[in-house]
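> Pasting a structure below so you can have a look.
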């Protein structure tokens, strides 16, 4: 696909995501595709994945059965490519409402020693096959070991298996498919947009009137089994020829993987009418579990917020307000005498707005933090409203990337205006805007490039294609950079924030402190982490354990609570520093709330040791730590910005309320 066309499609998809059809009834789903009896259905395959290695591989990296027409890759968006998805066609083809048994998919060529090695390694690493029909992932039902009456639902199918007491590996070469369908009715087709789930297709109104007798796919299940078949007899049959009946009896011999073996791949398909309506077909995948735990997380956060709010209330109403009222009630002579006896935060009045160390870096990270925070809030809000469902593969990541690009104007404005405020002049905003546009993307690009070399060395589909690098660079250079420069220009033109007090020429010496200030800064991060860590477990499980995360409503509430806690923590810590005559509060207010990222990183290591203890190999561990590092830096920028901006306006309000010359 031409680069310009790809970018155009992405932009159109983003606009459609923002402004969906007014009559659309099912925001989280794909596009309705009714099938008549006998219409062709084609199963697609996605990358092989494993929670043991976290290295995705192409389905056809193993000598599986290939489709007669050849392998064809499906079009993918930015999010799918970043996640390592590689969707391709397969030899498994059905006809709507036509049950078929023991169909031949193919007879694979004799296995070589290298093929056997790869099969055995993938089975030992618990790699799973991901099949897709009408944009629905395949599900496999198994019986829970502790609860025989309950069933577990998995969104994948294993490649094969191995017995503990035998050295051989066995392959699942026969797949029993069950397709759940629902007859067409008016309620199921009340939306205006219909299609194949692969593009933005609109079905004419005249066509919608002739859909009686059609069916919609509402479920897709598979039961894999290992069957020994006669390869010579199968070779005499054509594609989808009828093989001898197999009953998948687990007590019968299984298909072993060995050198020179010709494996016969086959499948069954059964169609079953279901009461599941098309708008509800994703409910089985998005079933929310652990709701009580999420509510406990929110309750825990509210308790922390109430505790901190009480402290802030005491600071404002009992301490600060009392001092200000007492001061304003005095006459001028008494005020002059009191100025000589000032103590606490009032002593640093001539130094509190002194420019911090590395002011450029501070302005840049605050600008990038505003951009990241805005992206997170808008993305999670849209996901909570159903615009970014897992049904639309990759839409969440695609939306995040594009939102980050467009929010560059806010980053440039905040960074430039903060720079003009600190320096008191409008000169120098261009370098600040450029650094804001390049700083965080440069960090992300560096980390992703290093990880990409690791993925390339293992021939994994998780590696970002070179074409995607150029697409991202083009989007960054044509959207993010110009908007950031425009925001910087607007920030420089805006009136700088005036400080309420003058800054002394000679800086005041900070008296010795009883406790190191960095100790308070690091300790402050425990409170924001306390509001986040429960939800963090579900997020980590979604990323690394292959589970679907769809409780974005809870996540949005937790995000808002996290912002409030970060603001309160930073205000309290800034006031404590001012009270001990420490006027260097700028960076400390940033890291007071940003230090939550340190605890997130420590939690990531804990998750690696205790929950991903089976992660195999140094490459997999390096990938995990690399992605965790990128996540931690992102969290630090966002939470640190919240703390800094809140502290800045708190200090500005505090010293604008007192008349000290």
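Backbone N, Cα and C define each Cβ position, glycine as well.
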> For the annotation transmembrane segment in TrEMBL, which listed range does it cover: 318-342, 468-492?
468-492
> To the transmembrane segment (622-655), which of 361-388, 436-456, 468-492 is linked by the most Cβ pairs under 8 Å?
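The listed stretch sharing the most Cβ pairs with the transmembrane segment (622-655) is 361-388.
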> Given a Cβ distance threshold of under 8 angstroms, which distant residues of the chain, six or more beyond its ends, lie next to the transmembrane segment (436-456)?
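Hits for the transmembrane segment (436-456): 55, 363-365, 367-368, 371-372, 408, 411-412, 415, 462-464, 476, 480-481, 484-485, 488, 619, 622-623, 626-627, 629-630, 633-634, 637.
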> Going along the chain, which residues at least six beyond the ends of the transmembrane segment (394-415) come within the CB cut-off of under 8 Å?
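Distant contacts of the transmembrane segment (394-415): 10-11, 13-14, 17, 76-83, 85, 363-364, 366-368, 370-372, 374-375, 378-379, 382-383, 387-388, 432-433, 435-437, 472, 475-476, 479-481, 483-491, 494.
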> Should anything in the same chain at least six residues away from the transmembrane segment (550-578) have a Cβ under 8 Å from its Cβ atoms, list it; otherwise answer none.
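For the transmembrane segment (550-578), the nonlocal Cβ contacts are 286, 288, 294, 297-298, 301-302, 304-305, 308-309, 311-312, 315, 344-345, 348, 352, 373, 376-377, 380-381, 383-384, 388-390, 517, 520-521, 524, 527-528, 531-532, 535, 538-539, 584-585, 588-589, 592-593, 596, 639, 642-644, 646-647, 650-651, 654.
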> Excluding the flanking five residues on each side, which residues at least 6 beyond the ends of the transmembrane segment (590-610) place their CB within less than 8 Å of a CB in that stretch?
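Here the qualifying positions are 362, 365-366, 520-522, 524-526, 528-529, 532-533, 536-537, 540, 544, 566-567, 569-570, 573-574, 621, 624-625, 628-629, 631-633, 635-637, 639-644, 647.
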